[in-house]
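For reference, TrEMBL has these:
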type	residues	note
DOMAIN	C:15-150	domain 'Molybdopterin cofactor biosynthesis C (MoaC)'
BINDING	C:L75, C:C76, C:H77, C:M113, C:E114	substrate binding site
ACT_SITE	C:D128	active site
Number of protein chains: 6
Amino acid sequence: MNELTHVNEEGAAHMVDVGSKSITERVAKATSTLETRSDVLQLLQKAADKKGDVLATARIAGIMAAKRCSDLIPLCHPLALTGVSVDFEVCEEKGSIRITTECKVNGNTGVEMEALTAASVAALTLYDMCKAVDPGMVINATHLLEKKGGKRGHWQFDDANGV
Amino acid sequence: MNELTHVNEEGAAHMVDVGSKSITERVAKATSTLETRSDVLQLLQKAADKKGDVLATARIAGIMAAKRCSDLIPLCHPLALTGVSVDFEVCEEKGSIRITTECKVNGNTGVEMEALTAASVAALTLYDMCKAVDPGMVINATHLLEKKGGKRGHWQFDDANGV
Amino acid sequence: MNELTHVNEEGAAHMVDVGSKSITERVAKATSTLETRSDVLQLLQKAADKKGDVLATARIAGIMAAKRCSDLIPLCHPLALTGVSVDFEVCEEKGSIRITTECKVNGNTGVEMEALTAASVAALTLYDMCKAVDPGMVINATHLLEKKGGKRGHWQFDDANGV
Amino acid sequence: MNELTHVNEEGAAHMVDVGSKSITERVAKATSTLETRSDVLQLLQKAADKKGDVLATARIAGIMAAKRCSDLIPLCHPLALTGVSVDFEVCEEKGSIRITTECKVNGNTGVEMEALTAASVAALTLYDMCKAVDPGMVINATHLLEKKGGKRGHWQFDDANGV
Amino acid sequence: MNELTHVNEEGAAHMVDVGSKSITERVAKATSTLETRSDVLQLLQKAADKKGDVLATARIAGIMAAKRCSDLIPLCHPLALTGVSVDFEVCEEKGSIRITTECKVNGNTGVEMEALTAASVAALTLYDMCKAVDPGMVINATHLLEKKGGKRGHWQFDDANGV
Amino acid sequence: MNELTHVNEEGAAHMVDVGSKSITERVAKATSTLETRSDVLQLLQKAADKKGDVLATARIAGIMAAKRCSDLIPLCHPLALTGVSVDFEVCEEKGSIRITTECKVNGNTGVEMEALTAASVAALTLYDMCKAVDPGMVINATHLLEKKGGKRGHWQFDDANGV
């Protein structure tokens, strides 16, 4: 593939016609990581231990953002997602929280953008809740982990691909 | 500050009452970087040279996402943004595109989340347009660059702060 | 069923995977009742007699809310509704307006939440239009009336079920 | 007041001009109650004890709905809410969960609809999470509790007002 | 003025910074006309005589679209509209329905786009309801009628300006 | 057809039940024309030559509006569009820009409203970017060009149909 599919031969953006692609089960997993100071992580952990609203808020934000993906990303197709999950892994030594998302659809185009949007918005929501303590947090390593379904089949992120 | 402001003493999330904070001009700048292969960057550049829709699409996505920030981030306050800009810097040797955003408001709370959301959604939109060629792209270094206004005044990101 | 389907074994919320459920025609009917003073009801009736905008406004609000249900209820699946109707029954002696809604879809999950959201938002819209006259109105008896389709088949609300 | 403010003399609906009303701090509190079986309440409680996502999901849904109120209720004015909170009180003997919401704004019109919308959507979200176990749940007693600010000043719901 | 304000000197689109413009009362009126066959107009009239839902549906669509204008028009500023009205004038001999809208705000930028969006969406909604009978309807003469407020003051559309 | 399908026999608006209509590929094309002064057209052209953001902004606005059509037009069905394109033709002698849109879906109802909404919002977006120079621009001739699919098959706009 040596052309961008989302622009036509004259360089004009369009929403690619996927009407003739076959409907298969499509799955995508993505990730994003919020890096912060260890004291912020402890505050998050402490809040989470009490009632859990901190992680739940980021989780719900991620799930809702996945559903609104085609409303945010201009050339994304609207899709009737059949499942979305958002998980968190707190890594205390690195001072980071890693988000992992999974989206599913039976459709004629993939759900990569939905999974990535869920991960990004979950990370931004965590940032929002901690920014009064540490505005210097950084969101890193937002990328696709894996996708299945469609003509190209299974794809996995290769940590060694030099990015 | 040793507590998260967005959860109360019982750990319940709420939208913090900012009604008594003073209204000042507030500005926030944020950044995010899409890292990809040099051949993808060349395709982007080639498309941009023709008609410009590729970067314009990401720019418009970022601006619109800034306006919809409080709809995406659960505990963000709705704000009548007075200005938004989104810029791109293509760095060919690194194989990356760096996004820089700026949001402004005359309000009683800051626009950090708006600037960060604009940067994230612009990066995701670039990803979307290039993903058929390189699904292994990574979005890195999404963070606040600077903010002004409000009680705490001027803050700048410190590249050396160990994150 | 002795577990909540919307949280996993660790208590984390997710959008349940319905991708393997069969696609059938699904129908749901719901209701909600706005209770007010008889003089407010007369004002509503008088306005409705002139031009009808009062009930039409609530009807349109209910229909549009049904379409936006998955955007409001965090764990609801996006669904391509095939039909929505919203009806009103003014009961002068009780001083109440009863709303009845019906939603339809050919899908792999039901439309109960769409019908309930339509009924709730229609009731809130009536409240909004009358609140300057009577802020003490109460919305009662918002519940599902009936649903059809899917594995569990037909279900009807039992007025005598003690709720 | 013997006319509905939201329709003009010909019965046509409009968004009332509030531009000349003075800007004051306005607060509104509302409530709604989900009534269910005691076994469902125990499942909710059990899930809440584990991780808290059940109540947090409803809380976030309510807060986000308050922000989107003018998008749902046709004749509501868009408002820059300065604070929103949503609380829950589980009443085991009655088999019910009572939701209480509070919204604040510095504006030229009140936030009653925002508080009521938050309460309704929080109740619907709880319904959604429990409906597989008990579709017969009922949402009752959705009403305003109290409002402050504006020309009319303080108003409180009177439980004995015969509704 | 010999440059487009919405693009900077390099041609990049941005949301113009209006933060330093003074806050004044701003009003805009706009219009749009749906032209159809006389038999379609009679059907509309007949339906309107029964219950009024036809015109009310278009009116509500227009009002809600005005509130969502900054979500649709990429470089529009979010504004807290203080008033919106949408009116219809059926002209039987011409076979047309003329829509007139008015929007108001106390703000630092005008509401022309809000008034125009309300008129356009009201016209599209009428089209939607009649399209099964006459898909050949045309929406013409969508333009601003008048605007007040802001630095440039009063402006009125000149029917004779040769457009 | 001698009745409006969107209102029932009592004149009440509803979202027509399309669940039993067959799923076919449906295509609709629409158009809208912005008429302005030749000096404004030259500014647009000049801006477009530099970077292209002007037309790209209107294009993206049109594509995103097509996806949000059922959220704007009250009785429109939500549809999973499979393709959207928006094109521009600058006609210097007439002082006008003509927009042409195309929408596609595999569904049980047509995409006329999506194509018309895309054309209208693209025209409004061009208006927005030029309004500081010429507020007297007029949007004319917004209509359907052609539609395919469904029971009624192919339909084309007839320029000579007297509208």
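Using the three backbone atoms N, Cα and C, a Cβ is placed for every residue, glycine included.
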In whole Å, how far is the residue listed as 'active site' from C:M113 (substrate binding site) when you measure between their Cα atoms? 22
For a quick check of packing: other C-beta atoms within 10 Å of the C-beta of C:H77 (substrate binding site), how many? 25
Taking DSSP H, G, I as helix and E, B as strand, the domain 'Molybdopterin cofactor biosynthesis C (MoaC)' (C:15-150) contains 51 helix, 45 strand, 40 coil
Max CA to CA distance in Å over the substrate-binding set C:L75, C:C76, C:H77, C:M113, C:E114? 12
Confidence summary (mean pLDDT) of the domain 'Molybdopterin cofactor biosynthesis C (MoaC)' (C:15-150): 94
Residues among the binding-site residues C:L75, C:H77, C:E114 lying close to chain F by Cβ (under 8 Å) are none
Tell me the Cα distance separating C:L75 (substrate binding site) from C:D128 (active site), rounded to the nearest angstrom. 27
Chain A proximity: which binding-site residues among C:L75, C:H77, C:M113 have CB distances under 8 Å? Answer 'none' if there are none. C:L75, C:H77
